[in-house]
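Report on one structure; see the data block that follows.
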C-alpha cells in the first residue's frame with residue numbers, strides 16, 4: 001500500500017465553469033499552508049486565494065479540507081475548486097507539486113486508496129467508474145445501487161452463510177464419536193441447498209446487472225431471405241442493411257447498437273444459413289455461427305409463407321441441435337402481412353413465438369417489449385445492481401464448488417471434501433468484494449478508472 005501524497009485534476013480535462021484539483025495524503029495540509037497560507041477548518045467551504053510561491057494569485061475559489069480517516073480516501077484530503085480553464089488548473093497542479101514529496105495520481109488511485117483504507121469495497125469502487133461511464137438512466141441507477149452497497153450486501157450474506165456451514169461441517173469432522181451423525185442428519189444438506197438457491201438468485205440479478213452495463217447481444221439468424229436484414233433495420237430505425245429479394249444478399253456480420261428505453265442492445269444481423277459452395281458465403285456463414293455461439297439471445301427468423309410450423313424443432317431441427325444448450329431462442333414468424341396471421345405472442349414447446357412483418361413494422365413494437373423484458377427492464381426500474389463480467393465468472397466458480405460439495409455430501413458423505421469445496425466457494429465470493437484479491441487484478445481494475453477518481 002502506497003503512502004505517497006497524490007494530486008490530480010478531478011474534473012474533466014478542457015474548458016469548464018469549475019475545475020477541481022484533489023490532493024490526498026499526509027502532505028495535503030502542507031499544500032494548504034503553502035498555497036492558501038492557512039489550513040481550512042475541516043469540512044467547511046473556505047473562499048480564498050490560491051497563491052504561487054512568490055505570493056502572486058493564481059486563482060480564487062473554494063478550498064475544502066477533510067481530515068483522515070473521515071474522507072473519501074481515508075487520508076487527509078484537500079480539494080481546490082477554482083475556475084475551469086485548463087491553463088489555470090495546470091498552473092495550480094504545478095504549484096502543488098512544488099511543495100515536494102507529491103506526485104501525479106495514477107488512474108483510479110484515489111478510489112484505490114479508499115479501497116485500501118476500507119472506505120469502500122471493490123464492487124463499490126468499480127461502481128464509481130460504472131456510474132461515470134453509464135450510457136443510460138438504468139445503468140446509472142444500477143451503478144448507484146452498487147455504490148451504495150446493494151451488491152456487496154448480497155455477496156457478504158452468501159460468504160457468511162458459506163463460512164458458517166463450513167465451520168459446522170468441520171466441527172462434525174472433528175467430533176466423529178458423537179452420537180449424532182452430523183453429515184447425514186439433514187441439517188448440513190438443508191443449509192447447503194439454501195445457499196445454492198440464494199446463489200442462484202444472486203447470479204440471476206448479476207446477469208441482469210451485467211446486461212445493463214454491457215448490453216444484451218441479440219443475433220438474428222435463419223435461412224436466406226427470411227427477412228433478417230429487414231428486422232435489423234426495423235429495430236435500429238434506419239436502413240443499416242441492404243435489403244433485396246435475392247437470397248444471400250447479406251454475406252457478412254452487420255451490427256447496430258441501440259437503446260430501448262435506456263437499455264443497451266447490440267443487434268447482430270448474420271448471413272443466411274444454408275449449404276453452399278460459394279467460398280465467400282461460406283465464410284459469412286461461419287462468422288454467423290461464431291456470433292450465435294457468443295450471443296445472449298437468438299432471434300430465429302422464419303419466413304411465415306414457407307411453413308405453418310411454430311416449433312423450431314419442427315421448422316429446422318439441425319439448426320436447433322447445433323445451438324448452445326443454454327442459449328435462449330425467440331422464434332420470429334415473419335411476413336405476417338402476407339400470411340394474415342394475428343400479431344400475437346404464443347409459447348410453443350418452451351419457446352416464445354412472435355408474428356411480425358419486418359417490412360411494414362407490424363408487431364415490431366411488441367418484439368421490442370419482449371427484448372426489454374429479457375433484459376430485466378421492469379426489475380431494474382424497481383432497483384437492481386450493476387455487475388461486471390468478472391463478477392459473473394466468480395459467481396459461476398462459486399456455484400461450481402457448491403455443486404461439487406453437494407455431490408461429496410449426497411454421494412460419498414465426504415465431510416473433508418465438502419469442507420474444501422465450501423472453502424473454495426468462500427474464496428471465489430470474497431474475490432468479488434476484494435477481500436481476497438490478487439494485486440494484479442486490483443491494478444487492472446483501478447487502471448481503467450479516470451485520473452482524479
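Using N, Cα and C of the backbone, Cβ positions are placed for all residues, glycine too.
Some features that Swiss-Prot has for this protein:
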- 22, 79, 119, 453: (6S)-5-formyl-5,6,7,8-tetrahydrofolate binding site (BINDING)
- 215-376: domain 'TrmE-type G' (DOMAIN)
- 225, 244, 246, 249: K(+) binding site (BINDING)
- 225-230, 244-250, 269-272, 334-337: GTP binding site (BINDING)
- 229, 250: Mg(2+) binding site (BINDING)
By Cα-Cα distance, the member of binding-site residues 79, 119, 225, 229 nearest residue 335 (GTP binding site):
225
Does DSSP put residue 79 ((6S)-5-formyl-5,6,7,8-tetrahydrofolate binding site) in a helix, in a strand, or in coil?
strand
What whole-number Å value do you get for the CA-CA distance of residue 119 ((6S)-5-formyl-5,6,7,8-tetrahydrofolate binding site) and residue 229 (Mg(2+) binding site)?
50
The one of 22, 119, 228 whose CB sees the fewest other CB atoms within 10 Å, among these binding-site residues:
119
C-alpha of residue 229 (Mg(2+) binding site) to C-alpha of residue 271 (GTP binding site): distance in Å?
9
Checking the binding-site residues 225, 228, 271, which are within 10 Å of residue 79 ((6S)-5-formyl-5,6,7,8-tetrahydrofolate binding site) at the Cα level?
none
Would you kindly give the Cα-Cα distance separating residue 225 (K(+) binding site) and residue 271 (GTP binding site), rounded to the nearest Å?
10
Cα separation, residue 228 (GTP binding site) to residue 22 ((6S)-5-formyl-5,6,7,8-tetrahydrofolate binding site) (Å, whole number):
52
According to DSSP, does residue 22 ((6S)-5-formyl-5,6,7,8-tetrahydrofolate binding site) sit in a helix, a strand, or coil?
strand
Between 225, 229, which of the binding-site residues has the fewest other CB atoms within 10 angstroms in the structure shown?
225
Please give me the CB contact count at 10 A for residue 335 (GTP binding site), counting all chains in the structure.
22
Residue 229 (Mg(2+) binding site) in three-state DSSP notation:
helix
